[in-house]
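J.: Below is a structure I'd like to ask you about.
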Amino acid sequence: MGQIFPRSANPIPRPPRGLATHHWLNFLQAAYRLEPGPSSYDFHQLKTVLKMALETPVWMCPINYSLLASLLPKGYPGQVNEILQVLIQTQTQIPSHPAPPPPSSPTHDPPDSDPQIPPPYVEPTAPQVLPVMHPHGVPPTHRPWQMKDLQAIKQEVSQAAPGSPQFMQTIRLAVQQFDPTAKDLQDLLQYLCSSLVASLHHQQLDSLISEAETRGITGYNPLAGPLRVQANNPQQQGLRREYQQLWLTAFAALPGSAKDPSWASILQGLEEPYHTFVERLNVALDNGLPEGTPKDPILRSLAYSNANKECQKLLQARGHTNSPLGDMLRACQAWTPRDKTKVLVVQPKKPPPNQPCFRCGKAGHWSRDCAQPRPPPGPCPLCQDPTHWKRDCPRLKPAIPEPEPEEDALLLDLPADIPHPKNLHRGGGLTSPPTLRQVHPNKDPASILPVIPLDPARRPLIKAQVDTQTSHPRTIEALLDTGADMTVLPIALFSSDTPLKDTSVLGAGGQTQDHFKLTSLPVLIRLPFRTTPIVLTSCLVDTKNNWAIIGRDALQQCQGVLYLPEAKRPPVILPIQAPAVLGLEHLPRPPEISQFPLNPERLQALQHLVRKALEAGHIEPYTGPGNNPVFPVKKANGTWRFIHDLRATNSLTVDLSSSSPGPPDLSSLPTTLAHLQTIDLKDAFFQIPLPKQFQPYFAFTVPQQCNYGPGTRYAWKVLPQGFKNSPTLFEMQLASILQPIRQAFPQCVILQYMDDILLASPSPEDLQQLSEATMASLISHGLPVSQDKTQQTPGTIKFLGQIISPNHITYDAVPTVPIRSRWALPELQALLGEIQWVSKGTPTLRQPLHSLYCALQGHTDPRDQIYLNPSQVQSLMQLQQALSQNCRSRLAQTLPLLGAIMLTLTGTTTVVFQSKQQWPLVWLHAPLPHTSQCPWGQLLASAVLLLDKYTLQSYGLLCQTIHHNISIQTFNQFIQTSDHPSVPILLHHSHRFKNLGAQTGELWNTFLKTAAPLAPVKALTPVFTLSPIIINTAPCLFSDGSTSQAAYILWDKHILSQRSFPLPPPHKSAQQAELLGLLHGLSSARSWHCLNIFLDSKYLYHYLRTLALGTFQGKSSQAPFQALLPRLLAHKVIYLHHVRSHTNLPDPISKLNALTDALLITPILQLSPAELHSFTHCGQTALTLQGATTTEASNILRSCHACRKNNPQHQMPRGHIRRGLLPNHIWQGDITHFKYKNTLYRLHVWVDTFSGAISATQKRKETSSEAISSLLQAIAQLGKPSYINTDNGPAYISQDFLSMCTSLAIRHTTHVPYNPTSSGLVERSNGILKTLLYKYFTDRPDLPMDNALSIALWTINHLNVLTHCHKTRWQLHHSPRLQPIPETHSLISKQTHWYYFKLPGLNSRQWKGPQEALQEAAGAALIPVSANSAQWIPWRLLKQAACPRPAEGPADPKEKDHQHHG
């Protein structure tokens, strides 16, 4: 009946489609552990089970073999159940992370740690996998790689890092299948891994091979070559196995291979800037790279390989695939995505037409939305039937009575909680996935063995369609009976003329003769889990219509077995929907934090709490990955509280922004809503269901006492407490539940904050209806309400720590202030925290609070004792009196809102109130800003904005009038004279302002029992007067400062006083120096009542202007100096002017300011000629310019040890080169080598051939990118040349360098290297530069190369003097250009010669002329070639001629026409 499955010749079967290779390898290794070994039939059954199990992949996220085994029916054929049991045992034995190494034996016992304290968070490691085993008795055979094999392996490991468990499993499987040689393994490594990983693997493999060769390997012959060569021989199976094991071990030794590197998966987004992507890579490498691993090569490799395609093209085009990171960043700096702005066009949906649909004939919808199928456009081209499409034509379907199924097309029904409707056939209460069938002529139908599930709540009944061929097909409900040999059908299904035969049937009740008949007509039975009917050649007919049985003859054709799935408890689905966003949508690896031990008392309490949570349905047993520790905490009443330490999960969670601005202000409840009720929810968070995919992040383990056995694993089914997004998620869910209630009762108010709810209504009837609707909605959504804690008027209503009365609000607990001078720091801090909580109802100004806040400052030890001064004790008394009057009014909707702003030296106090009310609505306090100086206009504008924001947010209104304590005169002066940004804000709100002045009794007698100090602030009184124009009769004061000195100049027709002085030792700030210089200048000008002050410091200029308008002084390091300014400026008239420094303008202001700056300048070079030479080794002429005589300079050069050693002649031979006609005309470039301390430097040198100015940079390479970088740096120093001349080295003739020269419009030519005629100048410059470097390193061996090169360039360009022009190279390079000599103008020469000439560029052999030369120069002469133009002609195209005879006289016989080349 069944197919015989021999042992497969293939050593390792292929995995089923959809299952990863490393998972399939675990199943194979578990099968190879069985005794006896598995057969092909076992592998066939395993593959068929896994194929259908992949349609319900809940056991794979993560993989859970126990869950997969529970899905397997009892008595399933083959050894599939045994294979799964091996996997379950192995999974429980392998720890989730390796145990730490045992500590060395200590000399003393470590201190006992508290087992109840949660351990610190430990990073979870990667899960382990099963090792690889060979199949029983099947040796692997060598087979070379093919491209499809390499592609398949690369596809499997594309999502795993080299060295990870998944990577190693796949590679091991490939090694077992193909038995590769050393060359095959090298090809696989180059195909799979990057060059960086391949090089690291190569290093590890070399070290492992060396150790193995030293240790000795069986079969290894040292004389036959290295191990790699011998392993390439397919006959050397033992050596090949040893090499394969070493090759696999090298992966495990890679740095960072213990887990998948997170930085390896960082990819650049399509629109992400390249520098942002590189910054993310750099941060990830800093956090994840093991210590000691070089970061730079990995960063450069990933910066190219993980970049998007556009940036990779840019890097390839510029040759920066593995260049320094700066070059890669510059190459992609200007890259922007092409389609960065996308426009989404949304068209409104048009209403449906009134015409009927042409498909169904009904109006009200478009034809595209019609439920009827689209009719065919015409008759079918195959059968000419107009009722169906060509794809549905019966002629296209082969008329095969029974297609042979595929071996893997097993009809298997695994029980699922929610079957997908598209993948299931329904019938008779059974559920089964569809069978995918293909015709295989070589397959036997007997290999099909479907598993037919039965409904446990009913008998094994199934609905079947029976076609007896004598009547129409009919559907019946039949009993599946494996004990019946034949199928039994009722006689009602057959027609009266159906031929029936008598037969005897032996059943459970005995033998019967007349109850059943036998029909020989074929009967077709269609079962719901089969696509093709069952054909029975004969069956029994029940003449009494009592039985319909599907017997073994029908089931044998199905090749199926019956099984009864285990009864499962139906899940309880809460009415509240699971949140769509939890903060873990990117699904990182769940944390694996070990459970720490608990003492017996705590363990017993934990087990009791877990049992209660399990009964309540909040948790469920769990077997997946992930773990967070748990522990109980005893409360004050003796009960225990369950605590789940979710710190690791919270660190992986993205914060969800809450839409709630905070707790509502209860004073916003109108007095018209007098009827109130509170609702308290029990266990609010435990009503939000948690999606299944997030359970690994909220799993925990309850350990057994003394570790007598494995702990019990649980996971939360609902949102747990301790999760940082739980309050936000619950608040959003509760808001969605209450929103329909708010819309149904617009006249009422529902206040919600977290799980606290307050109902407010104008009448008791409305309150009762609102309460009933709210209660019903909460209960219907599964939120239980605590009836015991419900409060309702008339009665005291306590909500959010406050007591709500009909017309006012008070706090539930007002702190008591003890009056004493000695306080412990925690006591005073706790008292101020409680006062801050009730500050919105405490009638006090900012001053008492600020005084006590200052008492907390300056302490570093929490155990300090604080001693209050008398003013601070007085502040305690003021706060005690204010707290006794703590009360706030409720909002009266018929009255406008009023505001009062009081600016004081300690901060701002803002009050919101309503007229004719006994108490204000709220008191708001704000400290002074942290800036050292804050104009009062800025404070007033900030207070107005804060007041409007608070009233709009809490009351939905703006203050109609705003009172303040600034005088009208001060206010108007600030508006007219200040340029502060707060001026437009004050002008915008000026129509609401009202000045109180000294009117202390109008608004405050009811709020404060004593009059409030609302007089104008003395600090806002202007100290001095600003003059808008300069004062002609007053002197001028200039001051300035640096980090080390300060200076001032007092001038009136001449300098009256000037002084520069150093700063005191602790002060090293330029601002302090500028302020100190101004103070000294004001002190010297104290006798003048008027003064003109000129400052180049913007800080000091704005500070004085703000001080003139009135300001509040904040904290500043210059506070002692700033306190002296009002005394020196009191009652003066000042004109302020800001000067821009270093303008070099000829006006007297700039000159006097420059003179003040000069007082701060310390001479840069205060060296004697000998000291200068010892530092720079400059030449003799440079020393004479620094004050030395010629003899002294010569003696200094002779006495210098470094100069005698490296350059005895004290000069370099001159080179010969065609020089430029002006600066930046022609440059010469070269790369010279300089070796120092075993480091070879490449000096890229550029020389201007006109001035000799040099630019040099030290590099480590001679690539084109380095040459381009050095040229750009030279251009930044010397300017852009017109021509550059280099040798024909690879760096200079590369395409990149030539393209760069073309883009900069620079003409590039080459010369012969080391030729004194063509490259003499740059070679001489190289010698001068290296000679100076040798001198510097002789004197100072530890001098850095960069510093030595900078000193050498300074010496060559700025100090050494050229003998032919007595200028330095820098002076000559920046000297003004000479006027050009025009060639079109006739020039008169004192000495004239006549020449025959040939024009350059022409091949004519005829001499022209003679012509008289207009001008002669070295190498050429200016010859008039026509009547209007002249041209310079070189000597090689000239020959001298005698002066021609005058026309009127005979020729002198002595004169000869001697001609020669010039």
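Just so it is clear, glycine is given a Cβ too, placed from its N, Cα and C backbone atoms.
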J.: Going by the Mg(2+) 2 site in Swiss-Prot, where Glu1074, Asp1096, Asp1157 are listed, which of the candidates Asp1040, Asp1052, Asp1230 is also part of it?
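T.: According to Swiss-Prot, the candidate sharing the Mg(2+) 2 site with Glu1074, Asp1096, Asp1157 is Asp1040.
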J.: If you look at how Swiss-Prot annotates this chain, which of 118-121, 154-157, 1142-1145, 1446-1449 comes out as motif 'PPXY motif'?
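T.: Within the set 118-121, 154-157, 1142-1145, 1446-1449, Swiss-Prot attaches motif 'PPXY motif' to 118-121.
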J.: The Mg(2+) 1 site in Swiss-Prot includes Asp755, Asp756. Which of Asp655, Asp665, Asp680 is also listed there?
T.: Asp680
J.: Labelled zinc finger by Swiss-Prot, one stretch among 378-395, 414-431, 612-629. Can you tell me which?
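T.: Of 378-395, 414-431, 612-629, Swiss-Prot gives zinc finger for 378-395.
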J.: For Asp755 (Mg(2+) 1 binding site), just count the other CB atoms lying within 10 A of its CB, please.
T.: 18
J.: For the Mg(2+) 1 site given as Asp680, Asp755, Asp756, which other residues of the same chain have their Cβ within 8 Å of the site's Cβ centre?
T.: Thr678, Ile679, Leu681, Ala684, Met754, Ile757
J.: Please average pLDDT over the domain 'RNase H type-1' (1031-1165) for the predicted structure.
T.: 81
J.: DSSP on Asp755 (Mg(2+) 1 binding site), three-state: which is it?
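T.: It is coil.
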J.: Non-local Cβ contacts of Asp756 (Mg(2+) 1 binding site) (under 8 Å, 6 or more apart, same chain)?
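T.: Thr678, Asp680, Phe799, Leu800 - these are the non-local Cβ neighbours of Asp756 (Mg(2+) 1 binding site), listed in sequence order.
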J.: Determine the Cβ neighbour count for Asp680 (Mg(2+) 1 binding site): the number of other Cβ atoms within 10 Å of its Cβ.
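T.: Neighbour count, Cβ to Cβ under the 10 Å cut-off: 15.
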J.: Summarise the domain 'Peptidase A2' (476-554) as counts of helix, strand and coil residues per DSSP.
T.: 6 helix, 34 strand, 39 coil
J.: What are the DSSP helix, strand and coil residue counts for the DNA-binding region (1393-1443)?
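T.: Across the DNA-binding region (1393-1443), the residues distribute as 3 helix, 26 strand, 22 coil.
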